[in-house]
């Protein structure tokens, strides 16, 4: 067999046997010349095309630096020619006149390439290449190739003329290496590009700069000098930016999608062809030509069957196809690193040989020193190539994460509504926050995959050379371990799938809980929902512990496998040849090789875990990407159409898989510039019709076309977390005059006047600090400002007061408003607007029942006339009757309807009008119920219907009257309450005090400064369990100690005098001694295995426990926080901690923990062994160790701050993502998707820039500390050679361990950096475990009686309050008594303190002075839950939770099914619920998305009925619902809460005109408090003025 070592045995060769190496001139003239120039010959043919295809741009300036490099090349050419002259003149090497042909060939080669390089340097400048790796490698190779000739000339021909020329030649080459170590500089422009920030210095760095990561030094120095801020870092490097990463992956994904479509089409075609030829014939006979190929039923059955097996695109394939080059390049660099690493045992063998055969006359000192330097250079090669391999792989992971986030975001904007049923906002955010991060983390050690096989193959070969057949044992160990590790990987895959599903469920539920936190607090449901979240978390913990157990066994196999390999080698060696002597050279060459393999084996669990998580996460993302998109062909955009909006024979559905059709037989044609109203009963399909026109519904059949640009005002206004102004502009250019005109027309001026920063006031998430009406008007203003061609207005007037609605119709929507020349599709329940529209569409059960002008539909006396009659007679009149002009309009419309319908219902127009007025008065509490019934009965003789002409004249007169009314200039202004709160906007005055002049509502997320506090570590250790944490670390220390002793034990074995005596080799004593050493070595290995397993099973399971405890504590603290915390903290910021930070504690921190412990104690063991065997080594280790600590301390602030800022910049990504998903339909309608994608890209890039800086920083410190490690290796080698009293075994052990120090130092630094960064997540979680809580939920010593309150009497005593400490008082001394059973309306201008009063009753804000008594009990003396459970509220905005309907009604399971059904019946929901298959267990979508707005409000009413108490708070619960729902709710409230004390916040005065008393608030004080009748008699009073403004009085 070929022995690789024989090639390098130079001891007896003339080349290396002298006092200096003597390489032949032929070797110098050929091999040493061809190596560097051969590099250029191989690389330039590939590099030139790359440069040629590079996009054109500005070239680098012609500087002295660039010119100098070219001039030096010319000088090298001249010196090369001078060498020819010197040899021709003075003889070859000043010895012979004959110059060999090889010299001239070398000169020609050098001359040609120097000319090429001279020109190439300038070509690189023109192509804007700052520094070329090709050229730098050339100069380095040339320099190293020139060292041997230089040494030869100095040693043998120092004064020869050619030697002197060569000295200059070598100096110029050295100068070129120095110059090419620096990059060319771009000329600074005399201008600054708009929006351009600091550019990443990496792109303009030299090769040496990149290899050493010197370009990161600026950030590291800045972080050491001061706390890093976001502005201290540069923009993301170009190749990692979203706009570069995402298109590449997206293009490949689209290719894959198209490939699957073609493959499926081809497959279907082939199967169909086969089916046609056989078509049900068992014998396969061909069909008759006249026979039909397939009957309709057979064809349908065939396609239905085949459709169940679609060919789906593979994201795995796409990722491999996109990124295989980078992955392969990283793996290639790692293989080179492995070659350098395995070269060290090879060098070690010769160092041991030199030590063992050291004789002054045979072993010159230069050979030992040369081997020590080679040992050092091999280590440096390992450092450079390992760092670059890992760096390239980490960049690849970040690049992939950025790209995948991009395609997830794009998918969220295009996915169909049916697809969204399976993916809530929380689910999709979880894909971004957890799965994408795991995808990136999986690449941390991916380079080890190929390296593992290369290392094992080469390592086993080297061991085979030394140990022969005994190597088979180690091969068996590797195979067995690999098989078991694969099985462990499969187990982890199963567990990870379950964990991620549970994590998604937890995040989804938690997001809903936080969205509805105010409802939870008011209903005292925090414990119930906390336990639901923790139940899911317990499921996670169960499988995380299983993962920890599997990982512990995997850790045992990987870390202990080197021992098993050594043991198997030694056992077979002893058993196969017990008489053979184990020399130090053999043992420690094999041992050093196994120890190098140790790190590849140690990384195996990390690689297995990473690949498993990668596979699972990619699969989850792939499943999401498979979901169906909205069909872009649902709506065409033909600009040449005759109509602005047209639908021809349209059939639509929300879900193609649902057999129920949403809309059918739809035919609509809307001319340009017309106003079309869409009316109908609740659930008739009005909003669905608008969605169909927008393309949001799936088109089953027909054609839809919309001409021009679109603006959309949804029924539930979508508001961004931006300023009022930015919400209105929506990306459009600001034009002052246009802007002012829009906000005036949309009645926003009064609102802006009361905001602290006007239109610069920040609106919180989901519009938490504005009311429903204000949100709707901002949404309308956005649409108007965008100046589109077609406007879809989905009931925007339902959320505003009637007089405001009239203002909006006159100034904006109607034919006298800003949109008068636009095409408008208006969904409305306001029948009084119908005479003013151009056309009306009447919807019924998903069909268009009637369509035409107002006059035409009345004349038909069909569905439209019935609709008007229903709403005008039976609908609740409170909404609009407060405005006399609107009331007059309705009376006129009613008269027309009665004229049209009198022949059918037998009631005259006059009596119908009388009946309508009676109903209106009854609703206002002005007449008795029996009077209503009396007025409803008409006489037997009835007036017959008038003629058709008379009716048309009346219609015309009505339209004129309405037009005149709408065009008046003295319309009442808006007085709508500003709102505050996460889900229930009724804190009307809060914004006056919360917001500073800047208009900012939410607080900026702060980052900690300095080192992670000791308290964080203590808290984490306590969460782990103190004993378990320390015992785990102790176990690892014992394992490493035994491992070190085991290797020392090998020196005892090899140095045993008996075994060294080969004359005793065949004796029993000799064999027994070998077996004795083998037995003790076995025992040491078994004990090591026990302790490493204890480290894993205890440490990892305790880490799982710590993550669970911290999550549980954080959850309890967040749920116990006051509402002020949620008002000022964005939801994304809280979710960031519960998703990303908790996932880091679950997954990444345990991985870092075990890596840190393994490498740290390994490094300690290495230093101990080397110090014991080579005491002189301590001379080097002390200063290097001090420098090591100093450099580490210099760097750690960078790691901490970059991680902290990276965590902070992560929250805006999730906020924006959640916001985008919620408003996807609006974004699509405005065709603003590209702009939102750009915003997402910028936020992702900002975040990834810090992550990129963090991983770059870890290699900045890694390279430097590895350099120190290599210095230690060099010191160990030199001291070993210098010492004369050391054995070969001791040297072998010392240098074997010194070889490990490089990798150990690298991984220790990496682990320390990772630990430092990951502990930041523990710090962030711990920060939320010490939040300031609200008052105690239960005070055992001060619990009220179970029957409290018995009457519901409420007293305010000098009550004052503020929203948060440091803010002004919002209630400044409230004194009043509210009697039991009394109905009190609370009114006042915006900011008066209405909502603050009700919040005070729930103690959502605490008293600053005074108090509140309910039935004589001071509410501040009892627990919050005792108080809140005794008060009921029906909020304005309905909040439901996903899950069974029963859970949204009764999460505490306090009521029976009969109770729940009774509440549902009284809430008028029973007919709908009974139609659902699951009844009470029917699933509510996220936020109740599968209910209409009206139905959601009815569910909340049922919940209120179920939790009925003596005190009821109503916050204008019918402000945003349609007339029919309003009627149902008002009717239920009047009957079911007749005995309760009712406090109603009234935004519409008419709703409380029949109350017992009215409380008028102004600036936090009660200014009036009496019955409505008495208050209206005081014409100077505040209430009278408010009633006058509302046109309730003349």
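Using N, Cα and C of the backbone, Cβ positions are placed for all residues, glycine too.
What TrEMBL says about a protein is an automatic prediction, not a curated fact.
The shown structure was predicted, so the numbers you read here are calculated from the model rather than taken from an experiment.
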Review point. Of 1121-1139, 1178-1196, 1197-1215, 1216-1234, which span is tagged transmembrane segment by TrEMBL?
Key: 1178-1196
Study note, to complete from the structure: As TrEMBL has it, transmembrane segment corresponds, among 2-21, 62-81, to residues 62-81
Point to revise | Correct range for transmembrane segment (source TrEMBL, candidates 1014-1039, 1040-1065, 1326-1351, 1352-1377) | key: 1014-1039
Review point. So which residues does the transmembrane segment (596-618) touch in its own chain, when a touch means Cβ under 8 Å and the partner is 6 or more beyond its ends?
Key: 315-316, 319, 341-342, 344-345, 434-436, 438-439, 441-446, 448-449, 451-452, 455-456, 459, 481, 485-486, 488-489, 492-493, 496-497, 500, 551, 554-555, 557-559, 561-562, 565, 1147, 1151, 1155, 1158, 1299-1300, 1303, 1307
Practice item. Using a Cβ cut-off of under 8 Å, list the residues of the same chain at least 6 residues beyond the transmembrane segment (133-152) that approach it. Key: 20-23, 25, 28, 32-33, 35-37, 39-40, 43-44, 47, 117, 120-121, 124, 166-167, 169-170, 173-174, 176-177, 180-181, 206-208
Point to revise | Recorded stretches the transmembrane segment (368-386) and the transmembrane segment (1291-1309) touching, at least 3 CB pairs under 8 Å | key: yes
Check your understanding: Along the domain 'ABC transporter' (645-870), what average pLDDT does this model show?
Key -> 84
